[in-house]
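First up is the structure itself, then whatever we jot down about it.
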Amino acid sequence: MAETVATTAAEQLAVEREYVARLYERLDELRAEKTEELAAVRRSRSSGNHQNRSERDAFASHYEDRLAQLNAVDHRLVFGRLDTDEDERRYVGRIGLATEDHQRLMVDWRAREAAAFYQATAQHPMGVRRRRHLILEGREVTALEDDVLDPQMLDDEGVLHGEGALLAALNQKRTGRMSDIVATIQAEQDRIIRAPLPGVRVVQGGPGTGKTAVALHRAAYLLYEHRERLRKAGVLIIGPSSSFLWYIERVLPALGETGVVMSSLAELFPGVSAVPERDPEAARLKAGLEMAEVVARAVKDRQKVPGADQVLRVDTHRVTLTRKAVKRARDKARATGKPHNEARNTFVKILLRELTEQLGEHLNSTSGNVMDRSYLAEDIRQSRDVRVALNLAWLPLTPQQLVDQLLSKRHYLESAAPHLRPAEVEALLRPAGAPFTVADVPLLDEAAELLGDLDAAGVRVRAEAEREQRRSAENAERALQNMHQSLEDVGVDGVVSAQDLTAFNTVTPHRMTAAEAATADRTWAYGHVVVDEAQELTPMQWRVLMRRCPMKSFTVVGDIAQAGSTVAARSWAESLGPFVGDRFALEELTVNYRTPAAIARAAAGVARAAGLEVSSPRAVREGEPPVLTRVGEDGLVEGVLEQVRAELEVVEGGLVAVIAAEDRLPELGAALARALPGTVGAGVRRLDRQVVVLSAWDAKGLEFDAVVLAEPAALVHEAGGGVGNLYVAMTRPTQRLRVVAAGELPAGLQQD
Ligand SMILES: Nc1ncnc2c1ncn2[C@@H]1O[C@H](COP(=O)(O)OP(=O)(O)OP(=O)(O)O)[C@@H](O)[C@H]1O
């Protein structure tokens with residue numbers, strides 16, 4: 001496209017406004033087109049045969065996706081323009097746009113032609129003379145910001161200067177939701193975002209260096225660059241908590257990507273919403289890879305040879321289930337190499353055959369009659385004694401049952417974990433039926449691997465259920481009842497509830513997206529996994545994630561120094577070594593975009609005083625140092641209140657967080673809510689309130705305009721002496737940090 005000669009700033013702005021208006025016009029046209037196409041498909045959906053209908057479903061789903069994408073990109077649709085050596089003007093925006101006759105209007109930021117927008121420098125201009133940032137409010141261009149890469153243009157009057165687009169973005173008030181950085185991705189970030197798909201890539205970076213932003217933009221980039229492959233297999237994003245996922249959940253849709261699965265470590269096992277693991281000793285014990293062996297032994301312990309031969313009633317007759325026969329059947333079943341519930345098939349079949357023969361011989365010798373074998377087999381199957389005996393020897397189990405019993409019955413635990421000391425067994429034991437904790441999730445996952453599908457303990461009920469479901473929901477209901485019956489037929493009477501069965505057979509509804517199907521299916525193999533705050537993961541949690549991506553294509557982002565739990569690894573090599581050896585690429589981010597330098601220095605000082613090695617990223621802004629307020633023993637709540645009130649005035653509509661040790665949250669939350677009605681949100685999912693009261697753990701990965709830190713020593717104390725959580729809390733503000741302390745101060749925080 002030829003350069004329009006426009007020299008004054010006003011003229012340039014007018015040119016851009018016109019062009020941007022044209023882009024929005026095209027966006028509106030496309031939306032109208034897709035809306036019409038979708039309506040037409042929906043109108044015709046009810047007619048035609050089954051195949052026509054499913055083709056139309058596929059079309060409808062395609063139009064819906066495209067429409068959702070077009071609707072999501074309205075905000076800052078376009079943000080850049082490249083002027084090339086060849087006098088081409090190339091606009092860069094959230095998606096690619098072309099005219100009806102395929103003339104390019106705007107390139108997608110992820111396209112190769114857009115890479116120079118992020119990477120070109122004066123030393124390496126990449127064929128670019130000028131990079132222009134377009135700053136929009138609504139659909140209107142309000143400012144332009146140019147980087148001139150061609151020295152000859154520096155004298156050109158038309159080149160604009162002004163506050164950097166980056167600084168403008170960083171100085172924006174926080175909203176409680178993370179926003180994308182697509183307009184201002186920096187070169188070191190862009191290199192990671194566009195790195196190739198295969199392999200494990202670890203991104204280490206201090207607080208605020210954009211690790212989360214990079215991880216999310218990388219997911220969007222990979223979905224664009226490897227669309228076919230990743231659309232089907234899906235991308236999984238793992239975050240530390242549901243509040244964190246809530247915080248980041250709008251970023252990918254704004255980048256036009258909706259088909260990503262997000263999960264916290266607590267939600268990773270379908271059907272279980274795990275609670276935090278409160279006991280550090282239990283957390284430590286459940287973290288290590290030995291736990292995989294414990295679960296394996298626990299499963300084997302449930303394949304039992306009885307203490308003595310058993311006489312069983314079959315109608316009016318008797319048969320004997322010998323220990324030898326059970327042992328032989330068990331060995332053969334184990335030799336199939338199949339998981340417990342599937343191998344049970346072999347076990348049951350062998351013993352049913354053996355007992356049937358015994359019954360036949362017995363009847364033959366007592367009455368001289370040769371009975372039909374299928375009748376005898378039926379009699380054996382119907383016998384309650386037989387069912388009970390087989391169940392006792394080899395019980396079909398759900399992972400939930402296995403783990404619940406392992407952790408609540410001393411004899412199971414002692415047998416499966418002979419290496420544990422009595423005090424350790426005590427730390428793990430808990431009442432039956434207690435809610436599963438985050439640390440149990442890997443145990444459940446391990447158990448599910450070793451147990452296999454419950455439905456395999458008989459007939460192929462899952463396939464049957466899926467066929468039925470396709471016909472109608474009512475039929476599917478019936479199918480589940482059939483399953484129950486089928487399982488009863490092989491002797492699972494009274495062991496598996498209909499609920500268990502339903503949980504095991506999450507039936508596929510009509511048009512399940514890849515993301516929905518993946519969420520419901522524990523064995524789903526993702527095409528790529530992004531792990532945020534990865535420093536917190538235990539070896540057992542890594543094991544679960546490695547299973548979710550057999551191709552081992554990972555983006556792992558985190559900061560070893562921010563680890564809050566005592567079981568976290570001390571290096572990336574320690575975390576990943578057991579799974580990929582040294583086959584991972586380590587990248588580092590070096591610029592802190594969030595925390596002003598003065599606050600970052602204070603936080604690093606506290607970390608270093610405790611012997612924690614922290615990187616010191618260069619901060620983009622200097623800012624104000626933290627201010628410490630000392631209060632009397634009973635003055636903490638009042639002191640915090642006073643600071644919050646003051647900060648609310650300063651940040652004018654921005655967000656203020658109060659971060660405190662977990663046991664102080666209720667009191668602080670209640671006092672703040674009383675003093676500032678309608679303004680305060682406590683804990684997760686209330687990040688949209690102006691004042692948020694939360695723990696350091698929940699604050700991980702988040703940011704606020706101002707942070708009021710209540711009693712810093714308590715954060716160290718609750719983490720068993722570790723300063724990781726305090727370091728996290730101190731690095732959350734984008735503008736101001738206020739510390740209120742009644743008690744002793746942690747080393748490094750003392751006032752000069
Ligand atoms: N290139 C960029 N342009 C504009 N804003 C950016 C850029 N990079 C990072 N940011 C902003 O800096 C802040 C910190 O980013 P992010 O949360 O991704 O950092 P992090 O490294 O994950 O931090 P932490 O480890 O402390 O949780 C966010 O507000 C993010 O939007």
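Each residue, glycine too, has its Cβ placed from N, Cα and C.
Remember, TrEMBL labels are computer predictions, not curated facts.
Listed as Cβ neighbours of the coiled coil (13-44) (distance under 8 Å, sequence separation of 6 or more from its ends, same chain) are residues 4, 6, 56, 59-60, 63-64, 66-67, 70-71, 73-74, 77-78, 81, 91, 93, 97, 99, 105-106, 134, 136, 139-141, 143-144. Positions annotated as coiled coil by TrEMBL: 13-44.
The annotation domain 'UvrD-like helicase ATP-binding' is assigned in TrEMBL to 184-596.
Gly205 (ATP binding site) has a Cβ environment of 24 other Cβ atoms inside 10 Å. Look at TrEMBL and you will find Gly205, Gly206, Pro207, Gly208, Thr209, Gly210, Lys211, Thr212 tagged as ATP binding site.
Model confidence over the coiled coil (13-44) stands at 92, taken as the mean pLDDT rounded to a whole number. According to DSSP, Gly205 (ATP binding site) is assigned to a strand segment. Taken residue by residue with DSSP, Lys211 (ATP binding site) is part of a helix. Its Cβ taken as reference, Gly210 (ATP binding site) is surrounded by 25 other Cβ atoms within 10 Å in the chains shown. Same-chain residues at least 6 positions away in sequence with a Cβ under 8 Å from that of Gly206 (ATP binding site) are, in sequence order, Asp559, Ala561, Leu589, Asn592, Ala600, Val614, Ser615, Ser616, Pro617, Thr731.
Taking the mean position of the Cβ atoms of Gly205, Gly206, Pro207, Gly208, Thr209, Gly210, Lys211, Thr212 as the ATP site, the remaining same-chain residues with a Cβ inside 8 Å of that point are Asp559, Leu589, Asn592, Tyr593, Arg594, Pro617.
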